[in-house]
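Here the structure is laid out as structure tokens; the discussion comes afterwards.
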Amino acid sequence: MPARTAPARVPTLAVPAISLPDDVRRRLKDLERDSLTEKECVKEKLNLLHEFLQTEIKNQLCDLETKLRKEELSEEGYLAKVKSLLNKDLSLENGAHAYNREVNGRLENGNQARSEARRVGMADANSPPKPLSKPRTPRRSKSDGEAKPEPSPSPRITRKSTRQTTITSHFAKGPAKRKPQEESERAKSDESIKEEDKDQDEKRRRVTSRERVARPLPAEEPERAKSGTRTEKEEERDEKEEKRLRSQTKEPTPKQKLKEEPDREARAGVQADEDEDGDEKDEKKHRSQPKDLAAKRRPEEKEPEKVNPQISDEKDEDEKEEKRRKTTPKEPTEKKMARAKTVMNSKTHPPKCIQCGQYLDDPDLKYGQHPPDAVDEPQMLTNEKLSIFDANESGFESYEALPQHKLTCFSVYCKHGHLCPIDTGLIEKNIELFFSGSAKPIYDDDPSLEGGVNGKNLGPINEWWITGFDGGEKALIGFSTSFAEYILMDPSPEYAPIFGLMQEKIYISKIVVEFLQSNSDSTYEDLINKIETTVPPSGLNLNRFTEDSLLRHAQFVVEQVESYDEAGDSDEQPIFLTPCMRDLIKLAGVTLGQRRAQARRQTIRHSTREKDRGPTKATTTKLVYQIFDTFFAEQIEKDDREDKENAFKRRRCGVCEVCQQPECGKCKACKDMVKFGGSGRSKQACQERRCPNMAMKEADDDEEVDDNIPEMPSPKKMHQGKKKKQNKNRISWVGEAVKTDGKKSYYKKVCIDAETLEVGDCVSVIPDDSSKPLYLARVTALWEDSSNGQMFHAHWFCAGTDTVLGATSDPLELFLVDECEDMQLSYIHSKVKVIYKAPSENWAMEGGMDPESLLEGDDGKTYFYQLWYDQDYARFESPPKTQPTEDNKFKFCVSCARLAEMRQKEIPRVLEQLEDLDSRVLYYSATKNGILYRVGDGVYLPPEAFTFNIKLSSPVKRPRKEPVDEDLYPEHYRKYSDYIKGSNLDAPEPYRIGRIKEIFCPKKSNGRPNETDIKIRVNKFYRPENTHKSTPASYHADINLLYWSDEEAVVDFKAVQGRCTVEYGEDLPECVQVYSMGGPNRFYFLEAYNAKSKSFEDPPNHARSPGNKGKGKGKGKGKPKSQACEPSEPEIEIKLPKLRTLDVFSGCGGLSEGFHQAGISDTLWAIEMWDPAAQAFRLNNPGSTVFTEDCNILLKLVMAGETTNSRGQRLPQKGDVEMLCGGPPCQGFSGMNRFNSRTYSKFKNSLVVSFLSYCDYYRPRFFLLENVRNFVSFKRSMVLKLTLRCLVRMGYQCTFGVLQAGQYGVAQTRRRAIILAAAPGEKLPLFPEPLHVFAPRACQLSVVVDDKKFVSNITRLSSGPFRTITVRDTMSDLPEVRNGASALEISYNGEPQSWFQRQLRGAQYQPILRDHICKDMSALVAARMRHIPLAPGSDWRDLPNIEVRLSDGTMARKLRYTHHDRKNGRSSSGALRGVCSCVEAGKACDPAARQFNTLIPWCLPHTGNRHNHWAGLYGRLEWDGFFSTTVTNPEPMGKQGRVLHPEQHRVVSVRECARSQGFPDTYRLFGNILDKHRQVGNAVPPPLAKAIGLEIKLCMLAKARESASAKIKEEEAAKD
């Protein structure tokens, strides 16, 4: 049977005024004069006004009465609210004494305002009434599917509300002290009140009896229809009475009234009938069961006679009424405003059903229909069809359990007949729900009605339950009543949409749990991918699952996941802590720890639950295993029992239901408690009280790292600055002084406490603080002078605990540092032995063997060192090779020599004086930081070094905020911040570039040059954006194009940031493209720019000629601090062989692609388990061997001596791999912020450990580990420390840093942690200097480890050589495509527009654009994307709150604002801003408040207050901005946020994402669209990899030069 829906809602502009008879008005005035108490006055007013109040006001009064009875509201508060409601209606009545006229369905004067009751009554009002004298007979609904001859009555008309006549009953009994009563008791109270108010009821019956024709009567009560029929005399009497009253109040005539207000008559008639008949019906039926709602709503069998409207008869009266209305004096402004406010407030509280909580004006509100010939539950259950026994059997009595039956064609509804779901907590709140349907025997699997027994008003439902899955996709759901249990089959047609949602949520829960079982590292985007690619079962009548499906059912899904975790062991990592579940919980605002009654809801049972045993065992070398086994000796538990007992102590938030329940007394933790007779040793919380909120908090603490890292004070230096009183008796010199230098006499040896020390020995030094360990140093000089006494020069060692390694370091290992100090000999404690452990000659082939012990035994005075340590940059390098000369052996200090050399390089100096002028001296060259600058060189200068002689238009600023219609855009108020993620408004300018014309020093007053004040005069170069053409010119020009100008500027030499090459394009021996690709820091110009005339000219000859400099290639280079500042051209062309590379966890090959572009690598092997990514790697690297196996299995094969794998692929052997790179996944141990026995076990078996074992076995020349930025912060940086510790133990030089990919030429913010390592004998690469400027907020790259801040060697912190790359640079040339575009190959339809696009397109012979495809989003998501404005910074907060027809034909609803948001207040129009009760003080979330299928996603305003208003979700990219970190699945509500195209209504395509990563257009991807997105999102941006590769290349060149020079020296020595 078709479900009945409420009529569509018409926008309400005003509330119709009530009309009171004169006698009622007079009585109200008398009440004001009577000396009544407030309570008595309110009671009398209610008695007088009750029948005239609007339905909405009555509902609110009922709600107030309920709150009073439940003692949720005080009597004073109740009286105040009732007075407010009555005054509201009275104020409207006083403002308008006449009804709005309605003619042929339209209101006069264009007034379309209607109240709720007026709208709902339209269905009956439009059907003409039958003659009053004709008796009515009930009519049954047709079952043959024919169209009904008259519209069905409105649900609002038939809604039963027995409490409307009992509002005053509480006054006599003391409302504040009254206890809550059952529904039956309230009904009895209703009867007594009706008896007392017979006169009032009689009057109401007399006024409304003739209007009862508008109400269809129940089919079961034809007798009542007769008793209710009026005689003609009674009608005439009533008509006379009304005429008399109308003459006094100028009310319309009865005919006019009947014509204009049929809806009001219907409403009044229904109210009268309900009051009259309610008690009699209640006596016939059980108090807790609803009335026969279907019978009440059956239309009559006979179609009533049509009554033609008589409009002309009332024409004169209409004209008089119109004239009276025009002459009525206008209301004062204050009254108008008050009335408007009243109207507004009434709109903010839409009426709800007091039973099921559904909105009464919801167009989707439906009413239950009973099956034909339905009977009550006891009668139904006794039907012989449901008996499973023969007539002779009496087995029923032998069962204690309730009988079980199947139920088909069922509907569930509340007392008022509204169809409602069973899973929203109504049953848990003791709301009585009933159902109807056809019951069948338990063995009958046929869902049809055949063979069933139809029942109605079954229940109420005591509980509902899920029995799991029937071996397939369908969940078995059941009800329990007091009489039986029912297993549900097929719902009725009207209930199918509601029940379908329940089946959907159960099936989605099954998908999620099964997905998390095998994907513990998954992200939210991965989960959405799984949901969207799962085909729904046929029974759900769904085409696809969407993200909206998951968010709609998030609370239920999370509860099921929590229940799944409860079934696990106490030491298991809960799967609800996976990254995807944490994101879902935040986004949907899920309440954790809700423990609903176990009997009411059971969890999905997994009969074949796969127990999570953690990751598979990692294959490790003995060295790697030894390090972990040693460090975690106390935490590794060999016995599983001990491991569980030593799990970390659980903490609780104390707020959620889980924390507040008592201990169970049954679990392992409880049995150990003293109160339950245990020992109390484990001190663990009850397993039933495992707090999900605290677990979430701890997991989140480890997930995101705050960008605003505080400045930490550096640790105190190891040396001592104080003098110590000397004891001459214990210190004596041995031998004579070696040399006397001024007051100092140098010695070779000294005797301290009978122990002889000599220069070069190592000692322990006493600290001032006795709690600190002894300091260790090498004695590099011994002397005595008259002022300080007996002294020595200490070159300090650094203990491993004082490095970034911290507690993971070897306690016997020391590190050299560039720190030294003069100390008194009396500070020496004793002599110690420090051994230098040099790498063995066969170091590269020793990988995987048993590690040799670095020291035999520990006598407390023997240590060793291998490496030198840079305390600022956390770099471990080979010790310096500086050797002393013969004449300074007695006082040579390596630290002093290195520090002096560095200071010399840093100090600017002038060289080669040219000319001495009056006020200055000219020079040809100058040095700074080891770099030589000559006249004619190009130099980088900071942006503030000089300005240009043209006034540029001010940078684009956000337009001032225009006033917004807050009713249409209710979430716009959340955009109070001007900051937009992905905006380049605060990006710095790139370096100024000049050509040195003069190097000079001004003269001092004595005529000598002031060489500490070096200045340079430069010719300015304009960039395209610096000319009058401004920023647009830069998009089409090459990024290294400049314009010469004759403008000059004088700049301090100290401000110079580096050297660059600027050439005239026509003078180049090769084309501009070849020149530009030949090395870094290369620029060219073709024209000169005249700022005065704003014109471009040919450059002058002196600009074209580089002067005496030639091209200045490679002259005068010293060793710089940053190798990136050097020109890349070597002095002698050296052919470098490419490194044989193994790429582990290669993905589609972004890292290898960057190394190939740098020209340093030949990737011969790659390991990638995920097949689509492995196939993509093969497509782009056809010469590589790609293994699609577990890396642990491959390493085990190699270590076992195998040369091929099971597929016959040749395995790389020891000595084959020269470079090892990869990005091991590390989310598996990121769930908790600190290590414990289980998380350590996960880490020990993680892929990071496997990767380190690869490094130890193969011992490559260079090693690179790439990972997410948080890799350096996981487990309080323990993962970082252990990784570096392994590399140091192997003998590698190593360092770590964080790089921003956006600074190396992509339009994307992507911070990545990089660990670099170089074998002994190689040079450890520096991190590449940034090439492009980028948003400062995204460039916080420092790392805090153990309260010490570490930075990398990067010096370009505030600017860079090139401008930032933008979204426009990236993809403005790509053709327009629509949502869901799927053509794999299309044409470009145009030339590249920017330098970046030219680089990525390359030189294709027949250009084809591949993978310009985008995800097909659901109809609702597509509608949201269409309504996101195109302005920069637009996101979900700019969505209008409107109804929209979706592409699938359905309608998206408006979002309802139903609660007062205490944080955000109300809108400017006074509208509410809250969508759930949790925004009100001290209230929890209301499951019934959830809204779905709305244009504004309900979950975002629900949780926005605690998540930065979800800024960026459904956000558009900005043409002049950049991408957020490209993820594996672009979702408008995912982490990446801004994934909408700047101008098109779709998410970004695969090719656009690939370009945001810097992949060339020729780079091939493999698989379906989601596979390709994942390949791109997981990759390392090739430009970043290229920049690192070029640094490695510099190190290889430096070593090659050293080898070449050493060879030349050997040859020269051999000749001699």
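Cβ from N, Cα, C; glycine included.
For Ser127, Ser133, Ser141, Ser143, Ser152, Ser154, Ser398, Ser509, Ser549, Ser714, Ser732, Ser878 (among others), the entry in Swiss-Prot reads phosphoserine. Residues or ranges marked as region 'Interaction with DNMT3B' by Swiss-Prot: 149-217. Summarising the annotation, Swiss-Prot assigns motif 'Nuclear localization signal' to 177-205 and lists sequence analysis as the type of evidence. What Swiss-Prot records for 179-214, 221-267, 281-306, 321-337 is compositional bias 'Basic and acidic residues'. Taken from Swiss-Prot, the feature SUMO2 cross-link applies to Lys259, Lys1609, supported by a large-scale study or a structure entry. Positions annotated as compositional bias 'Basic residues' by Swiss-Prot: 716-728, 1110-1120.
Features recorded in Swiss-Prot, as mapped to the structure shown.
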residue: Ser549; record: phosphoserine; Cβ contacts under 8 Å, 6 or more apart: Glu504, Ile508, Ile531
residue: Ser732; record: phosphoserine; Cβ contacts under 8 Å, 6 or more apart: Val750, Cys751
residue: Ser878; record: phosphoserine; Cβ contacts under 8 Å, 6 or more apart: Leu867, Trp868, Gln1293, Pro1320, Gly1321
residue: Lys1609; record: SUMO2 cross-link; Cβ contacts under 8 Å, 6 or more apart: none
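Using a 10 Å radius centred on the Cβ of Ser509 (phosphoserine) and all shown protein chains, the other Cβ atoms total 23. In the three-state DSSP scheme, Lys1609 (SUMO2 cross-link) falls into the helix class. Mean pLDDT for the region 'Interaction with DNMT3B' (149-217) in the predicted structure: 41.
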